[in-house]
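What follows is a set of notes on a single structure, which appears directly below.
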Amino acid sequence: MDGVLWRVRTAALMAALLALAAWALVWASPSVEAQSNPYQRGPNPTRSALTADGPFSVATYTVSRLSVSGFGGGVIYYPTGTSLTFGGIAMSPGYTADASSLAWLGRRLASHGFVVLVINTNSRFDYPDSRASQLSAALNYLRTSSPSAVRARLDANRLAVAGHSMGGGGTLRIAEQNPSLKAAVPLTPWHTDKTFNTSVPVLIVGAEADTVAPVSQHAIPFYQNLPSTTPKVYVELDNASHFAPNSNNAAISVYTISWMKLWVDNDTRYRQFLCNVNDPALSDFRTNNRHCQ
């Protein structure tokens, strides 16, 4: 009788343990999925969350032009209060502008999990190809000479670029020159060259009412002439001017963060904001859908 009772109790205990293990596996599966991508940062994204500052606190460091070579200094925005590492982004302002013109976007990107250096150029009148060289120098500074607190947060193997106007033209040029970059985001870009042979994934932001770099002469030809094998997206801001990137802009925030997250962090959670887009804030949207596959 005691043997029968022991076997019954043992069977009941085993069944309970198996049920508990199954429950634990189901409960843990989202975490397991998240851990499969070592670069995934932050909670599951929503569109509204991408229009505001993200989950990370942000520290800043001012880079004196006297302490660097190859570019004119600038401001670094980087996540703090964490031991994680993050991809790096160098950003160039436009013609006659300085780093303050993109301060909002630099901080926004950092708050969502990037180390961002918004540069000042050697001269406010530098043309796009000079800005490309300065973006390259800025990335090298981030990797090798930035403060230890910054380098402790930087994953130097995951780098990207962005820029406004002539800085956007410089962004296209450096993307052509440096195929190791993970992503490029030219904002209302300007360049006399319309063809850039790059394999770096490119998101181009145009502005419908741009009279400085009209989209028909700049942003759209840039997009059209990128190789068909290159992941590419063109978004056109409805009724926006050339200077839309210089102030807080919800659409720029959503698409820039999403593009950087997808390609710098390999975070496919952000595809939802870049595929099958129907956005009233845009007057045009184009893509070859290579990022949606």
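The backbone N, Cα and C atoms fix where each Cβ goes, glycine too.
As recorded in Swiss-Prot, the features of this protein are as follows:
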type	residues	note
ACT_SITE	S165	active site, nucleophile
ACT_SITE	D210	active site, charge relay system
ACT_SITE	H242	active site, charge relay system
BINDING	Y95, M166, W190	poly(ethylene terephthalate) binding site
DISULFID	C275-C292	disulfide bond
SIGNAL	1-34	signal peptide
Next item on the list: Determine the minimum-neighbour residue: among Y95, W190, listed as binding-site residues, which Cβ has the fewest other Cβ atoms within 10 angstroms?
Entry: Y95
Next item on the list: For the recorded poly(ethylene terephthalate) site, whose residues are Y95, M166, W190, find every other residue on that chain with a C-beta no more than 8 angstroms from the centre of their C-beta atoms, and list them by sequence position.
Entry: G94, Y127, P128, S165, G167, G168, G169, H191, V212, A213
Notebook entry, point to check: Which one is closest to M166 (poly(ethylene terephthalate) binding site) in space, judged by CA to CA distance, out of the recorded positions D210, H242, C275?
Noted result: H242
Notebook entry, point to check: Sequence gap of 6 or more, C-beta under 8 Å: which same-chain residues meet both conditions with respect to H242 (active site, charge relay system)?
Noted result: S165, T188, A207, D210, T211, V212, A213
Notebook entry, point to check: Reported as an integer number of Å, what is the Cα distance between C292 (disulfide bond) and Y95 (poly(ethylene terephthalate) binding site)?
Noted result: 34
Note to self: Within a 10 Å radius around the Cβ, which one of these recorded positions has the most neighbouring Cβ atoms: M166, C275, C292?
What the structure shows: M166
Item checked: Longest CA-CA distance among Y95, M166, W190, per record bound to poly(ethylene terephthalate), angstrom -> 10
Next item on the list: May I ask for the distance between W190 (poly(ethylene terephthalate) binding site) and C275 (disulfide bond), taken between their Cα atoms and rounded to an integer number of Å?
Entry: 26
Note to self: I need the CA-to-CA distance for C275 (disulfide bond) versus Y95 (poly(ethylene terephthalate) binding site), whole Å please.
What the structure shows: 32
